[in-house]
Amino acid sequence: MGFPLLSLILFTPAAGAAVLMFLRSDDAVRWTALVVTILDLALSIALLAGFDTTTHEMQFTETVPWVPALGITYALGVDGISALFVFLTALLGAVSVLASWVAIERKVKAFMVSLLAMQALMLGVFSALDLFLFYVCWEAMLIPMYLIIGVWGGEGRVYAAFKFFLYTLAGSLLFLIGVIALYFHGGETFDILALTARDLPFPVQAWLFFAFLIAFAVKVPMVPVHTWLPDAHVQAPTAGSIILAGVLLKMGAYGFLRFSLPMLPEASVYFSPLMLALSALAIVYGGLLALAQDDLKKLVAYSSISHMGFVTMGIFALNLRGLEGGILQMFNHGVTTGALFLFVGLIYERTHTRSIADYGGLMKVAPVYAVFLALFTLSSMALPGTNSFVGELLVLSGGFAANLAVGAAAVLGATLGAAYLLGMYRRVALGPASVSARFKIRDVNAREMVAILPLAVFVLWVGLYPKPFLDIIDVSVKHLLAEVHGEGSGQ
Amino acid sequence: MTDAALFQSIIASLPEIVVVTGACVLLILGQLVRKGQEHFLVSASVAVVLIAALATLLLASEVRPAYSGMFIADRFAVFFKLVFYLATILTFLLSRKYADIEGIASSEYYVLLLFALFGMMIMASATDLLSIYVGLELMVLCTYVLTGFLRRERRSNEAALKYVILGAVSTGIFLYGVSLIYGLTGTTQLNAMAQAVTGNPLDPGLLLAVVFIVAGLVFKVGAVPFHMWVPDVYEGAPTTITAFMSVGPKAAGFAVILRVFLNPLVAASDVWIIVAVIAVVTMALGSFVALVQDNFKRLLAYSSIAHAGFAIFGVVAGGQDGVASVMLYLLIYAFMNLGIFGAVIMMRNGDFSGEVINDYAGFAKSHPGLALLMLIYLFSLAGIPPTAGFFAKFYVLVALVERGFVVLAVIAVLLSAVAAYFYIRIVMVIYMREPERVFDPALTPMVRATLAFTALGTIGIGLFPAWFLGFAQQSAAGG
């Protein structure tokens with residue numbers, strides 16, 4: 001066991017949250033939170049820099065006994081898939097602090113503590129190699145997120161926070177039973193790698209698959225358990241929405257990748273048509289709902305359902321392109337939708353309305369804002385040259401290879417995406433400035449630019465030169481596929 | 001009994017002797033204490049319990065049967081006694097200021113608590129249906145009186161009366177079961193019972209006897225269908241006594257249940273099916289009825305019914321892990337429940353009762369630190385990691401799934417999702433509503449110490465459960 005870089009990444013925000021407790025002035029709190037998240041981001045970049053892309057083995061592993069009587073350990077490690085999300089989490093963490101700089105006026109300290117606690121737990125989810133540790137982090141996130149939505153959210157925040165809490169809790173509890181059952185079927189261990197190596201009989205796999213599916217589907221969220229998402233997104237403060245869309249939704253998909261596929265391969269193959277159908281449904285249904293929205297934030301929220309449908313479709317296409325596309329799309333969605341929520345937040349801070357009908361002609365009053373909004377809107381509809389194009393193309397080609405009808409539905413969904421996104425952009429940014437003129441709208445300031453720019457860089461970088469990103473996940477994905485299809489899984 | 005055996009018996013029951021002697025001395029001293037000097041009583045009572053705890057730990061190294069098979073000092077008993085000491089000491093610490101506010105000036109309050117502790121200790125160590133009965137009655141007699149301690153309050157009188165009548169009925173049922181057992185097997189000793197059965201262990205007479213005993217015991221832990229007294233008694237009793245009852249006597253009830261239910265005679269009679277049904281119904285009733293409560297104490301009463309149901313799931317699982325899971329659950333429950341009760345007791349000040357949940361609106365704004373503590377206890381009661389409450393539930397579920405009761409485990413977790421709702425609702429009131437009043441919590445150093453200690457336990461056991469788990473497992477094995 002070498003230098004505990006992963007623990008450092010995990011405990012930096014946790015320690016930061018502890019330090020914040022002792023600070024008095026709001027500005028000191030903000031700056032400290034920013035420094036902590038930037039430090040964490042730097043550490044996660046160091047992780048990527050030291051990452052060996054030629055092996056699927058877990059790297060930077062650490063193991064410390066935790067509850068030896070039950071075989072529970074504090075075990076961390078990352079492969080290509082998780083390394084990418086550790087980085088994404090750290091990136092969006094810093095962006096969230098910047099996004100809540102002026103948006104959060106009351107109880108700044110408590111908010112930043114929640115935000116940093118969230119970050120520590122999310123990083124824990126992506127780097128846990130022990131199922132118990134994973135579950136603890138997965139579930140503990142409910143507490144800070146519940147507070148973030150419920151205390152700092154909009155008008156209907158209490159209802160939205162409740163709904164979020166109960167949906168995720170109910171889903172996760174069945175997952176817990178699945179985890180315990182897996183523990184006994186897998187030889188009384190919570191070691192994820194050891195459990196992956198086990199061959200479970202198909203009936204066991206099948207019911208475990210459903211126990212896990214409920215938890216992951218709620219988090220993704222897949223239709224029909226998606227209804228908490230629009231409420232939560234609309235009511236959450238901007239930083240909350242960024243975290244929700246950028247990282248939290250990824251956890252469900254990550255769960256499929258880390259548990260369902262490698263541990264329950266036969267069940268995954270067997271149920272993949274069902275999963276593909278649900279994904280196609282999410283893509284089209286989410287797109288249609290987004291088309292009907294007038295609330296800017298709701299539109300982005302429903303588009304998330306549609307986009308996450310692409311992710312699950314890519315995963316359950318169970319071929320190389322689909323999987324790589326799905327994972328890349330998870331990253332892209334985090335960047336792009338995170339940015340879109342940031343933009344919604346920026347305009348809301350200035351106008352205190354989210355109704356699209358209240359805007360118009362932003363191009364004239366806030367040109368920089370409008371230009372960057374265009375970039376992220378185009379990225380969201382997967383225009384060539386942007387990040388989502390690469391991901392969506394891979395998913396579509398994987399999807400068509402898996403099932404023609406599902407691929408066709410996805411294309412329909414992509415068209416819908418173009419319709420609602422272009423419509424949104426036209427009504428918000430173009431046209432006469434008469435409507436939005438009654439608000440005194442300032443263009444983005446330097447602090448906001450600092451939050452926007454890195455996201456914009458990733459939109460173009462992945463769009464124009466996706467190779468480094470695909471390289472990170474490539475070997476891990478191939479290994480995952482081999483495990484699913486039972487080739488070379490004896491290694 | 002020879003002199004040597006008597007001496008051994010006295011050694012084995014030394015902690016009990018310490019407590020009962022201390023209680024008697026305090027009973028006399030209490031009459032001499034002048035007004036305004038009551039803190040002497042608190043310190044003296046705490047000292048008595050601490051000496052008893054010391055004696056318990058010193059004697060914990062070996063198993064000591066005593067009083068011709070009526071009593072045993074083993075690890076199992078040690079574990080429960082430590083839980084009782086914890087509950088009693090924290091109740092003492094919480095009581096001082098509260099007693100002033102409520103105008104409870106008499107020293108009997110502390111003495112009765114010590115006698116109740118004595119009864120609980122006998123229950124934990126009893127290995128004979130008769131000594132179980134003696135401990136049980138001693139404990140409940142004290143709690144009857146303590147429940148009615150707010151003499152001027154109608155609610156308190158009513159609660160005490162209800163408690164006495166229903167308690168007497170349940171005792172009668174229990175004794176009837178004991179007499180049937182004695183008639184059929186010729187013994188009341190737990191170990192001798194199974195051997196005494198020569199014929200079919202599923203003899204309807206025996207089954208009936210077991211059912212009666214189960215009914216009597218289930219009353220004490222407040223499980224369905226003998227739960228009706230719980231909300232009224234919890235609401236009417238002084239809050240400190242409610243806190244005590246929800247932890248100490250309940251744990252004592254479970255100590256007896258574990259000893260009796262794991263007895264081969266009872267285990268052979270398929271009684272677990274009844275117990276499983278009781279567990280499910282108890283948890284369901286506690287969780288669903290708690291949803292509509294506006295009174296904090298009533299809500300905690302239903303919550304304690306639901307928690308009893310969850311712990312009974314551990315009894316259903318049986319085996320070493322099952323027993324250990326119940327024990328660990330009770331230990332953790334002692335921390336988190338005394339914590340939340342400590343918060344409610346602290347709120348009782350001046351004209352503020354602290355009993356209506358909506359009165360807590362905006363508490364987080366004026367007292368962020370105390371609100372955070374309440375948040376920790378509530379999330380722990382709801383079973384959300386990384387708090388201890390999660391680990392308690394987790395281990396019960398492990399025991400259930402290990403025995404193949406997956407369906408029961410699923411029911412248990414779904415019902416805890418329901419239960420989570422009302423705990424989270426309180427968090428919502430505390431954190432997400434605007435304050436309507438000025439809060440002036442009655443925070444004495446003792447109350448502070450209690451809150452800090454329980455919070456430490458609630459978080460500490462959650463993060464580092466290994467030692468406590470090992471302790472529970474060893475204690476279960478030694479029983």
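Even glycines carry a Cβ here, placed using N, Cα and C.
Feature annotations, reproduced from TrEMBL:
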{"type": "DOMAIN", "residues": "B:126-416", "note": "domain 'NADH:quinone oxidoreductase/Mrp antiporter transmembrane'"}
{"type": "TRANSMEM", "residues": "B:6-28", "note": "transmembrane segment"}
{"type": "TRANSMEM", "residues": "B:40-60", "note": "transmembrane segment"}
{"type": "TRANSMEM", "residues": "B:72-95", "note": "transmembrane segment"}
{"type": "TRANSMEM", "residues": "B:107-126", "note": "transmembrane segment"}
{"type": "TRANSMEM", "residues": "B:132-151", "note": "transmembrane segment"}
{"type": "TRANSMEM", "residues": "B:163-185", "note": "transmembrane segment"}
{"type": "TRANSMEM", "residues": "B:241-261", "note": "transmembrane segment"}
{"type": "TRANSMEM", "residues": "B:299-320", "note": "transmembrane segment"}
{"type": "TRANSMEM", "residues": "B:326-347", "note": "transmembrane segment"}
{"type": "TRANSMEM", "residues": "B:368-392", "note": "transmembrane segment"}
{"type": "TRANSMEM", "residues": "B:404-424", "note": "transmembrane segment"}
{"type": "TRANSMEM", "residues": "B:445-469", "note": "transmembrane segment"}
Quick check: do the transmembrane segment (B:241-261) and the transmembrane segment (B:163-185) share at least 3 Cβ pairs under 8 Å, counting only pairs 6+ apart in sequence?
no
How about the transmembrane segment (B:326-347) and the transmembrane segment (B:163-185): at least 3 CB pairs under 8 Å, pairs 6 or more apart in sequence, or not?
no
Other than its close neighbours in sequence, what residues sit by the transmembrane segment (B:368-392), given a CB gap under 8 Å and a spacing of at least six beyond its ends?
303, 307, 325, 328-329, 332-333, 335-337, 339-340, 343, 346, 416, 419-420, 423-424, 426-427, 430-431, 441, 451, 454-455, 457-463, 465, 469
Taking the transmembrane segment (B:163-185) as the reference, which of B:6-28, B:40-60, B:107-126, B:132-151 gives the largest number of Cβ pairs under 8 angstroms?
B:132-151
Given the transmembrane segment (B:132-151), its same-chain partners at Cβ distance under 8 Å and 6+ residues beyond its ends are 102, 104, 108-109, 112-113, 115-116, 118-124, 126, 157, 159-161, 163-164, 167, 171, 174-175, 178, 220, 233, 236-238, 241, 244-245, 249, 252, 256, 259-260
Long-range CB partners for the transmembrane segment (B:40-60) (under 8 A, at least six residues beyond its ends), listed in sequence order, are 11-12, 14-16, 18-19, 22-23, 26, 29-30, 33, 73, 75, 78, 81-82, 85, 88-89, 92-93, 95-96, 107, 110, 113-114, 117, 121, 446
